[in-house]
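K.L.:
There's a structure below that I have some questions on.
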Amino acid sequence: MSSAGIPIQKKKNAYSAVKVDPNDDYATPGAFELERLFWKGSAKYTHVNEVWPGIYIGDETARDKATLQRLKITHILNSAHGKFNINTGANYYKDMLIHYYGIEAFDSPDFNLSVFFYSAAKFIRAGLNTPKLLVHCAMGRSRSATLVLAYLMIYKNMTVVDAIQEVIQRRCILPNRGFLKQLRTLDIQLAIERSNRRNGIKNNGEEKEAY
């Protein structure tokens, strides 16, 4: 209560757990709960790790063409594109059979990486037809990891918890808190879509087209 005797309304925690479907046991965790998941990872930090069949997460080792050839990398998604980051680009790999996609992202909690979630996920999915694909940034822990987590959520029907638990078994990652909040928002959006599809089956006896 304020000094004037007016009740003070407590602000809601925008990052508490959110349950979209009351018939589903799953609830999207709050941001702090998501951070705690990374403490359970056992993988040691190395330059490059295969975190999903055909998908590698790495650091600035992406400049090392010999390593790329040894790993038989055919596609590169650079989430630290640009002259102030890991400035490679398609021309850097012109002597190699590599498809390149660059995103000029910054490892800042205020940077909106979510606008690239779907375009990056589509590039990853297309790259796996070859494969192999490297997603990298400067350290291979935040930007690149966030995009791989988003891919697993969008195309492999994983929750954000499932995706994190899958990747931390194989690589030491830690997206910044802003990116975690963006993944959390994606998780809620995808949960709503799944709930809508389930309701479509229940109500009409047939599955509606996915949104």
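Any Cβ shown, glycine's included, is placed from N, Cα and C.
What Swiss-Prot shows for this protein is this:
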ACT_SITE  CYS137  active site, phosphocysteine intermediate
BINDING   HIS136, CYS137, ALA138, MET139, GLY140, ARG141, SER142, ARG143  substrate binding site
DOMAIN    47-192  domain 'Tyrosine-protein phosphatase'
K.L.:
Beyond HIS136, CYS137, ALA138, MET139, GLY140, ARG141, SER142, ARG143, what residues of that chain have CB atoms within 8 A of the centre of the substrate site's CB atoms?
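P.N.:
Apart from HIS136, CYS137, ALA138, MET139, GLY140, ARG141, SER142, ARG143, the close residues are ILE57, ASP59, SER79, ALA80, ASP107, SER144, ALA145.
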K.L.:
Per DSSP, what is the residue tally for the domain 'Tyrosine-protein phosphatase' (47-192) in helix, strand and coil?
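P.N.:
So the domain 'Tyrosine-protein phosphatase' (47-192) is made up of 67 helix, 23 strand, 56 coil.
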K.L.:
Taking CYS137, ALA138, MET139 as the recorded positions to compare, which has the smallest set of other Cβ atoms within 10 Å?
P.N.:
ALA138
K.L.:
Around ARG143 (substrate binding site), how many other CB atoms lie within 10 A of its CB?
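P.N.:
By my count, 28.
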K.L.:
For the binding-site residues HIS136, ARG141, which one has the sparsest Cβ surroundings, going by other Cβ atoms within 10 Å?
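P.N.:
It is ARG141 that, of the binding-site residues HIS136, ARG141, has the fewest other Cβ atoms within 10 Å.
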K.L.:
Sequence gap of 6 or more, Cβ distance under 8 Å: name the residues on the same chain that satisfy this around SER142 (substrate binding site), in order along the sequence.
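P.N.:
For SER142 (substrate binding site), the qualifying residues are ASP107, ILE173, LEU174, PRO175, ASN176, PHE179.
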K.L.:
List, in sequence order, the same-chain residues at least six positions removed whose CB sits under 8 Å from that of GLY140 (substrate binding site)?
P.N.:
HIS47, VAL48, ASN49, ILE57, GLY58, ASP59, ARG171, ILE173
